[in-house]
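Trainee: Have a look at the structure that comes next, please.
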């Protein structure tokens, strides 16, 4: 496949959408504003692309406006009240969901930032969890155990690999870790970035299998320019790299519902990338979906670019081919750290993804119990390309609508409409989960995660991290680094070298603490520097089940 970025876009007619807007109504006013933005674009492919994006946005806005008008106030009968809040962000763990709200429009102060609606295909007000009694754990056939899949090597599935593409969600910035530019450009191991490791992984599997698996990056307008420059360094590697942009949608004012932008110019704060659920439409609109199908590809493996455990697995690929499944979601066992993670359920006989945000308040504790909901979504997804094309062309993808409330720098209250990619599981045939080992979920969302992946806990082979066999228990330690370590540069300045943690169970560090070289941490270690104090952990120190206080006294824990 050529490495040039695709510039062709498919224009979908929007006549039916516009005819539903009654003159004088809110929807009509928004449609007029969107048409005005489109008219300002010069003729050509970019205008066609932008026009399609505005049509897609308008379709979702109509759903939002319909639900807003028909939602019931707090205190109405529970079965008719839509219950949900959260956000779709590829930089967020499945467990990083917010608590629930009792109504989409009446929320407690802590819940005002993120709220979403759920819908069915008829656009009527029909929340997923309106009847909790219908929520069941997944049927045995809905979640397959990875250990029951026959083991495969890359060479054994070479014909299938030639029908596979790998897609990384690459729309996020590294700002939460104090970095500038795409998060995929952050160095995470041996001076190598997320993107470096991804390229190594695919290059290796292409070499050992003789296949041609392309790498596709779904960028946002925040990451596209920098990513396009970065990928040039891989031109000599044995991997074809293509990129495309997810949509650019306008924020709209909370009071008037009208777009904040008056021109299509990409002014900061006026536009946003609408969550990774936009993958399906943006993938099709870019022309890459059709190109991959023409090239004989049948499946795409989708994952977050910051999940270092999300590598091509030949056993799951063979499973896709053998079962004819159109959608497979990798799930893994919950721990106490994952109690808020979304899970696969059986709802009224249908496989669904249930997020904590969709759970009635009275049942949140029930949802968090590991004994009842034992798995959570890793956001590693295996999807049929033909199925994506079919569902997009028929406009059959009705994903849960996320309403994300924001405030601009000048104090204007605005709304972003977003969707999440995993919510599409309900629309694909024979969709189900595969319960994979925890090693396939290794996200780096914070410097605490970075601490783990840079340590001797993992070995790096062909771009893939694997647990060091010298570790007695194949579990990941709990690490909590305080605010002094929050930004990557601050974190790096506080460790002369990564500590040795093969026998570590738990580490908590707060305050102004620095580590010299060759430090070993074992068991449970808690280091606390009180306000105004400073702690230097000396070179070669071995801390085993210790509490280190502000005056550097070592106490048995």
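Yeah, the Cβs are placed from backbone N, Cα and C, and that goes for glycine too.
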Trainee: Of the ranges 1-27, 28-54, which one does TrEMBL list as region 'Disordered'?
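Mentor: It is 1-27 that TrEMBL describes as region 'Disordered'.
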Trainee: For the binding-site residues listed here (183, 276, 445), which one has the lowest count of neighbouring CB atoms within 10 Å of its own CB?
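Mentor: Per-residue Cβ counts within 10 Å for the binding-site residues 183, 276, 445 bottom out at 445.
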Trainee: Please report the distance from the Cα of residue 306 (UTP binding site) to the Cα of residue 276 (substrate binding site), rounded to the nearest angstrom.
Mentor: 14
Trainee: Counting only residues 6+ away in sequence within the same chain, which have a CB under 8 Å from the CB of residue 246 (UTP binding site)?
Mentor: 171, 218, 219, 220, 273, 274, 276, 278, 279, 282
